[in-house]
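Q: The following block contains the structure, expressed as structure tokens.
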Amino acid sequence: MAAEAWLWRWGWGWGQRCPGRPGLPGPGPSPTTFLHLLLLLGPVAADITDGNSEHLKREHSLIKPYQGVGSSSMPLWDFQGSTMLTSQYVRLTPDERSKEGSIWNHQPCFLKDWEMHVHFKVHGTGKKNLHGDGIALWYTRDRLVPGPVFGSKDNFHGLAIFLDTYPNDETTERVFPYISVMVNNGSLSYDHSKDGRWSELAGCTADFRNRDHDTFLAVRYSRGRLTVMTDLEDKNEWKNCIDITGVRLPTGYYFGASAGTGDLSDNHDIISIKLFQLTVERTPEEESIDWTKIEPGVNFLKSPKDNVDDPTGNFRNGPLTGWRVFLLLLCALLGVVVCAVVGAVVFQKRQERNKRFY
């Protein structure tokens, strides 16, 4: 198990990510080292490769050289709003006020397990806290629907990863830029005034703006586990940002990216999107499920992430969710039962004591 864990960490740092990032600099294991690993840990490596092998899905990927430069569309992808295609990047918004742009994949994705690598850049002339608003990455039922959430629609169905660069809530203790995750079945609204805290599942601070080197984000969804990692330090190493279990996402949704600016602005660029299929063994019962009928959601005993920032990570001042109401009612009922039992015992003893005086 120790060898397997070490090889897994090695895979995250170098081997597994390299197929999706062939141009990144940085040292890696030499062929001799890799050969020794295969000889010493052959069974472990074989199990990992067979269980989680990766395959680039070009029909869901955006890779240079782009086709359709200078036009408003390209094969497999549709543009909207201020989006502009150049030979080096797809610019969702320029560094100008009141702009919205998005890019959406033509093809619905029917993969149950996948990993997406996004090469992006957010930059502009604005100084600290005088820029905005950020990029959203989507896996949703609807596409090409403009709206107030980073250039796309609110009350969406599916998954959103927000790369937020501006703190709208002046009372927040968070450090921006900030990456957060939201899963929605259409019933939740993203609250910009609170930077989405009411509906956020998890998040992390990530200093990705105005970097003088490449910045990357990885999103992995496999067997209900959603993981978000970043590579922002030009070290060719993934750093953990978000890790959530119990996430339910259907198949047949669309991948996309959008951005928006308001009174403050930035350039929001997508350089590449690469989607990999993860081959994962499943039981016959899992294979028999109609994954297109699954409703987006998360198995949570607590409300989504802190609605009021708490350095300890505890939930404070959150809304009364169904579980909270149930637990409160259960505690109240137990309290009533305990009081009733204690009262009955005390009453009975008093009655017995009174009988002795007659």
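Quick reminder: no glycine exception, Cβ is built from N, Cα and C everywhere.
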Q: For the Ca(2+) site that Swiss-Prot lists with D164, Y166, N168, give the additional residue from the candidates D142, D154, D191, D195.
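A: Swiss-Prot lists D164, Y166, N168 binding Ca(2+), and from D142, D154, D191, D195 it also lists D195.
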Q: Determine which of H55, H60, H117, H192 appears in Swiss-Prot for the same carbohydrate site as S98, D133, Y166, P167, N168, G262, D263, L264.
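A: According to Swiss-Prot, the candidate sharing the carbohydrate site with S98, D133, Y166, P167, N168, G262, D263, L264 is H192.
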Q: Between C204, C331, work out which one Swiss-Prot annotates as bonded to C241 by a disulfide.
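A: As annotated by Swiss-Prot, the paired cysteine is C204.
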Q: Using a Cβ cut-off under 8 Å and a sequence separation of 6 or more, which residues in the same chain sit near N168 (Ca(2+) binding site)?
A: H192, S193, K194, D195
Q: Which are the residues of the chain, D164, Y166, N168, D195 excluded, whose CB is within 8 A of where the CB atoms of the Ca(2+) site average out, their centroid?
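A: For the Ca(2+) site the neighbour list reads G132, D133, G134, T165, P167, D169, F176, Y178, H192, G196.
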Q: Tell me the Cβ contacts of Y166 (Ca(2+) binding site) under 8 Å, same chain only and six or more apart in sequence, or just say none.
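A: Result: N129, H131, G132, D133, G134, F176, L264.
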Q: In this structure, which of the recorded positions D164, N185, D195 has the fewest other Cβ atoms within 10 Å of its Cβ?
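A: Minimum Cβ neighbour count within 10 Å, taken over the recorded positions D164, N185, D195, occurs at N185.
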Q: Across the whole of the topological domain 'Lumenal' (47-324), what does the mean pLDDT come to? Round it, please.
A: 89
Q: Do me a favour and check the Cα-Cα span between D164 (Ca(2+) binding site) and N185 (N-linked glycosylation site); whole Å is fine.
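A: Just about 22 Å between their Cα atoms.
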